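Student: Sending over a structure as structure tokens; questions will come in a sec.
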Amino acid sequence: MLTSWGKTGFVLALALGGRAAENVITSDTFFYGESPPVYPSPEGTGAGDWASAYTKARAFVAQLSDDEKIQLTAGVSSNTACSGFIQPIDRLGFPGICMSDAGNGLRGTDYVNGWSSGISVGASWNRDLAHSRGAYMGQEYRKKGVNMILGPVVGPLGRVALGGRNWEGYAADPYLSGVLVSESVKGLQSQKVATSVKHFIANEQETNRNPTTDSERNVVQSVSSNIDDKTMHELYLWPFQDAVLAGATNLMCSYNRVNNSYACQNSKLLNGVLKTELGFQGYVVTDWGAQHAGIASANAGLDVVMPRSSTWNSNLTTAIANGTMEASRLDDMITRLMATWYYLDQDTEFPSPGVGMPSSPSAAHQAVIATSPEAKPILLQSAIESHVLVKNTDGALPLKSPKLISVFGYDAYAPLTYDLGNNFDFSSTRVRSDLYKNGTLYVGGGSGLNSPAYIDAPIDAIKRRAYEDGSSVLWDFTSENPSVDYTSDVCLVFINAYATEGYDRQALSDTHSDSVVENIAGNCSNTIVVVHNAGIRTAEAWVDHANVTAIIYAHLPGQDIGRALVRLLYGESNFSGRLPYTVAKNSSDYGSLLEPSQPEGKYQYFPQSDFSEGVYIDYRAFDKDGIVPQYAFGYGLSYTTFEYSDLKISKNSDGVPSIYPAKASILPGGNPHLFDELVTVTAKIRNTGNVDGQEVAQLYVGIPDGPVRQLRGFDKVLIESGSSATVTFSLTRRDLSTWDANAQEWSLQRGTYKIFVGRDSRDLPLEETLVF
């Protein structure tokens, strides 16, 4: 039986008002029981379409010696650049497993592409593009002999506005993240490459993500994300559930603690939620160095340790002998690992693990070319749809044959050196700059870096277009207050907002970049600002400046960063990106969710991050508190306009559906009745402008006693000028339910639901009601 974290409200009654230093907690025994124990670890069953893989895996495991079983539970060093490596069992024809970073393309190797980042996929709001991007990335991983990609990312979700890794995920919304991770998993695994969906779970800040030692040599443990059962299910678990439903073969447990139990040894999460409630058939791997217990972590549901384990090894055999661990648990750990290998047919026609991943690109090695001409259109389209136009005064864009283009800002040119993305830092203190002055920001920092085949910088693409048009180009990339030619037809200003693994950002804007924009706008009546942003970037200093005629949030488009932008600037492509987060007028509008939690008072050795806001993050919080954003979640402009009409809602069956879903055998993703389609919604959209364009129709639901509105559907449609299209949304039982912590079930609400359809979370011209 599953145990709830709390029947009502917040799970941990921490003494938030009295965190006095004189009562400093020095032992984790203080927190025992806050994450309820769930044992034993359930064995994989082969449910769903896993039956054949489990039959093969069990036959394989039956042939292993105890020593061979143990060697498959942890990584080893290899002569490759694989981030992690499971050693081979030669006598059984098992070649081993290569795992490698990351979710935006391969890092640290040659002959691969640098794809748009997760935040850019989120900005695209495009299911099909997410799938295609995943498939072409998967081809590259496969050619390089990478069995498992360490991604995609849906944790962090984006709770903390300054979160250092928000850019690796898709959106500050569980529904949008869930749809996009589902399509990404399907695309990647269509190429027989395993996915490691990460970081499970509530990994919402980089500050104190790992244990540290203070100046007095006291150990400060990883931050604890203290979260109630309802919030866990309705926000943070939601996209992981979608990933499991899509067939994800691996989940990576995170560095943080959850309700004061380390995520990689949290039996409630691994045994209870993931392997029982969601019916997960794959295996759980640690984030690198995230194992903090030995046999206890195995019993809690951890299957594989990376990059190696100092606590398992022969201790597993000893534990089985003395009864502290069942032999069946060890067998299940290996069965889950091997079932994944068989599930993706990696036992047939898969390249040798790590064959295209030389340990050092500067050493002699065979060139394994993973790029392909067929990927080019998807690379470019992914970059194009990364861009969100949020301001366009008096038709400043598209550009109209400018005679003189002046280009400014440190973000316009390609980095002066490029080393295949090998430089990153896993620290966890806040000391990094929030801008990247070494060139255009095509990707964020850390293990999510990629290794582009080239970088087509904005200035390079602008010069190519200027050559074709006979335009002149002036530039100054270094001056904070540059001279501006009076006859400039347009001034393009390039700035960025940097973020990296290991650090949370210090601010949502920076004075240097703001000064550059203001100084140029003061001397140029047609100033267009392009921001390459690894997360939210506020613009209160210049957003309303009369001479700032257009603003583009370009996010992290990957290697086609310049080519994509120029197509948009000149109207060869239309803007169709939409914001996957809320941009506030002032940073203070994010309230307690602006900054990460810090060690303090009695919890200085056991940092606490209390998710007391519940489900109210990003636009839900702005709606709840009545705060008007600068740019709403889902907002974005186009070169055309759209008109909405004719909203229709129909129930898919007569009668009133039951409050709880019917009982059923658990399949990967959970109770299959959660995904029964209960309601169909349609609306008509007409392109009222003069050019063709893609509109992102968004459906929000107001569930009784819940947030004002929650995203529960979207459809991106291409509509020709003057034409109309009908968009259709299907609402499942889960879409219309809330989590009942008492019953441990998803529950439909009796009463009146509100259904909204429109352009973004604040511009919803169509509204109807639905009664259950």
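Every residue, even glycine, has its Cβ placed from backbone N, Cα and C.
As the structure is a computational prediction, the values presented were derived from the model and not from experiment.
Pulled the feature table from Swiss-Prot, pasting it below:
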SIGNAL    1-20  signal peptide
CARBOHYD  ASN259  N-linked glycosylation site
ACT_SITE  ASP287  active site
CARBOHYD  ASN315  N-linked glycosylation site
CARBOHYD  ASN322  N-linked glycosylation site
CARBOHYD  ASN438  N-linked glycosylation site
CARBOHYD  ASN523  N-linked glycosylation site
CARBOHYD  ASN547  N-linked glycosylation site
CARBOHYD  ASN574  N-linked glycosylation site
CARBOHYD  ASN586  N-linked glycosylation site
Student: Work through the recorded positions one by one (ASN259, ASP287, ASN322, ASN523, ASN586) and name whichever has its CA nearest to the CA of ASN547 (N-linked glycosylation site).
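Tutor: It is ASN523, whose Cα lies nearest.
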Student: Looking only at ASN322, ASN523, the glycosylation sites on record, which one has the least crowded Cβ, with the fewest other Cβ atoms within 10 Å?
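Tutor: Counting other Cβ atoms within 10 Å of each of the glycosylation sites ASN322, ASN523, the minimum falls on ASN322.
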Student: Quick one: Cα separation, ASN438 (N-linked glycosylation site) versus ASN586 (N-linked glycosylation site), in Å?
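Tutor: Taking the Cα atoms only, ASN438 (N-linked glycosylation site) lies 28 Å from ASN586 (N-linked glycosylation site).
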Student: Just name the winner among ASN259, ASN315, ASN438, ASN547, ASN574 (the glycosylation sites) by count of other CB atoms within 10 A of its CB.
Tutor: ASN259
Student: Taking the Cβ of ASN586 (N-linked glycosylation site) as the reference point, list residues of the same chain whose Cβ is under 8 angstroms away and which are at least six residues distant in sequence.
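Tutor: Set apart from ASN586 (N-linked glycosylation site) by at least 6 residues yet with Cβ under 8 Å, we have THR538, GLU540.
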Student: Can you give me the same-chain residues 6 or more apart in sequence from ASP287 (active site) with a CB-CB distance under 8 Å?
Tutor: LYS198, HIS199, MET252, CYS253, SER254, TYR255, CYS264, MET306
